[in-house]
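Okay, so here's the structure we're looking at.
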Amino acid sequence: MNPVDYLRISLIDRCNFRCHYCVPDEASLQYLLTSEQLSNGEILTLLEQVFIPLGFRKFRLTGGEPLLRPQLVPLVRAIAHLPGVEDLSMTTNAYLLADLAQDLYNAGLNRLNISLDSLNPETFDQIIGNRGKSRWQQTWEGIQAAHRVGFDPLKLNVVVIPGVNDQEVLDLAALTGDRHWHVRFIEFMPIGNDKLFNERAWIPSEELRQRIRAKWGLETAFVQGNGPADIFKIPGAKGTLGFISQMSECFCDRCNRMRLSADGWLRPCLLNEAAQMDLKTLLRTGVPPREIRAAVKALLDQKPEINFKMRDMGTTTGQYGRTMSQIGG
């Protein structure tokens, strides 16, 4: 297994979209109160006194939608300036990004991943559950703003859902032709969305690659921070294509990350919520950071076994108790 040096930090469980694969229609969510979320100070304490001393060097801010987090820019600036932080990135839906892109860039945010599941405004609005208001144009303006201020690499994440947006794979791949953009196709997976998954299932990454290969050809490539993605490019294109194949091609041996939820639960494996640790309660009950660090180190030492032997036993009930929006993706 790779060294675990990457922490995904959910800043908030709320989102201004309600994407069907992330927050299913039937989901009844109880959002966290502000007091139930980790504060900026608590996040910084955990990074500075627990995770960085344990070798974590790369951090990604997620949600929900992280741009909804109050005092976001000062938090980004504080994390970016912590000794030991080598890379700070964010995943966002870009709806509020146009007005924040420059400030985030100036604060020290290195990279952005942006969810863009369709280039068709009607399909896009259907996927995000727009509730009567079209949001495609403002999202696209956010992506353009991120490009203008200099975020590089700029990655676009596409969750491919059969019969919904899979017919756009070639159009989305074409975005990489004349831009230094990196489009990543993600296999749809069943976490908190069993009904939609059972209705739609998923398309293997290799099938998507075959479609692209048949039109333009494909060659292997590299991009910074590729994580579990397999990277290719269309010959002559400026950008790249990534394929995240968590359903068809197990990549547990390449896993280098843990996840911290907005309410302080540390999750060593996306597919396993039975092995979580409540760091917020430890902090708020006065447990010294050195003891929290020792507990996290013990969980870190168990991660290979959790990944390989327990990924199919990731819940105690057979169903995940949290949606992707609550986990932080």
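Using the three backbone atoms N, Cα and C, a Cβ is placed for every residue, glycine included.
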- Among CYS22, CYS269, indicate the single residue that Swiss-Prot lists for the [4Fe-4S] cluster 2 site containing CYS252, CYS255. CYS269
- Out of ARG57, ARG60, ARG290, ARG293, which does Swiss-Prot tie to the same GTP site as ARG8, THR91, LYS155, ARG257, MET258, ARG259? ARG60
- Kindly point out which candidate in MET90, MET189 is recorded by Swiss-Prot as part of the S-adenosyl-L-methionine site with TYR21, GLY64, SER115. MET189
- Integer mean pLDDT for the domain 'Radical SAM core' (1-229): 91
- Query: Counting every protein chain present, what is the number of Cβ atoms, excluding its own, within 10 Å of the Cβ of CYS255 ([4Fe-4S] cluster 2 binding site)?
  - Reply: 22
- Task: Please find which two of TYR21, GLY64, SER115, MET189 have the most distant C-alpha atoms, given that the record lists them as binding S-adenosyl-L-methionine, and give only that distance in angstrom, rounded to a whole number.
- Result: 17
- Most Cβ neighbours within 10 Å, among the binding-site residues ARG8, ARG60, LYS155, ARG257, ARG259, goes to LYS155
- Cα distance (Å, whole number) from CYS19 ([4Fe-4S] cluster 1 binding site) to ARG8 (GTP binding site): 20
- Query: Just checking the binding-site residues CYS22, SER115, MET189, CYS255, CYS269: which sit within 10 A of THR91 (GTP binding site), CA to CA?
  - Reply: SER115
- Query: Which ones, of the binding-site residues TYR21, SER115, MET189, ARG257, MET258, ARG259, have a Cα no more than 10 Å from the Cα of CYS269 ([4Fe-4S] cluster 2 binding site)?
  - Reply: ARG257, MET258, ARG259
